[in-house]
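Working notes, beginning with the structure itself.
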Amino acid sequence: MLEILLVFLGGGLGSIARYLMGQLMTIHFPNILSLGTFTVNIIGSFIIGLVISLINKNQWNPQIGLLLATGFCGGFTTFSSFSYENTAYLKNNDYLLSFGYTIMSLFWGFAATFLGIYLVKRG
């Protein structure tokens with residue numbers, strides 16, 4: 001039961017953080033549709049790299065992984081918004097923007113995850 005509560009709490013906090021980040025990006029960059037989603041996905045990728053690496057090194061309790069990786073990152077990051085935004089770009093015939101957004105999201109997502117892992121290994 002504790003595991004479910006940890007995922008629930010982390011997911012709720014992650015969802016709130018995603019909402020607030022989206023609002024912040026909309027205020028400061030109103031003409032860039034996907035910046036909020038891009039930002040949370042990259043930050044979430046970095047966090048999950050750190051958290052899982054710290055757990056794998058036995059520096060953190062695996063229950064922290066349920067709270068932060070499964071819960072928070074699960075609520076914070078969003079593949080569905082990424083997919084929707086790409087669909088909107090394609091409907092507007094913005095093929096280059098859709099392609100660029102996809103490539104940049106994948107590249108920076110992997111880079112952020114690897115950076116988190118690297119920082120823990122370097123430790």
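Each residue, glycine too, has its Cβ placed from N, Cα and C.
Residues annotated as transmembrane segment in Swiss-Prot: 1-21, 32-52, 64-84, 99-119. What Swiss-Prot lists as Na(+) binding site is GLY74, THR77, and the listing cites sequence analysis.
Highlighted: of the candidate stretches 1-21, 32-52, 64-84, 32-52 has the greatest count of Cβ pairs under 8 Å to the transmembrane segment (99-119). Same-chain neighbours of the transmembrane segment (64-84): 3, 6-18, 34, 37-38, 40-41, 43-45, 47-48, 51-52, 54-55, 105, counting only residues six or more beyond its ends whose CB sits under 8 Å from a CB of the stretch. A simple way to gauge crowding: the CB of GLY74 (Na(+) binding site) has 18 other CB atoms within 10 angstroms, across all the protein chains here.
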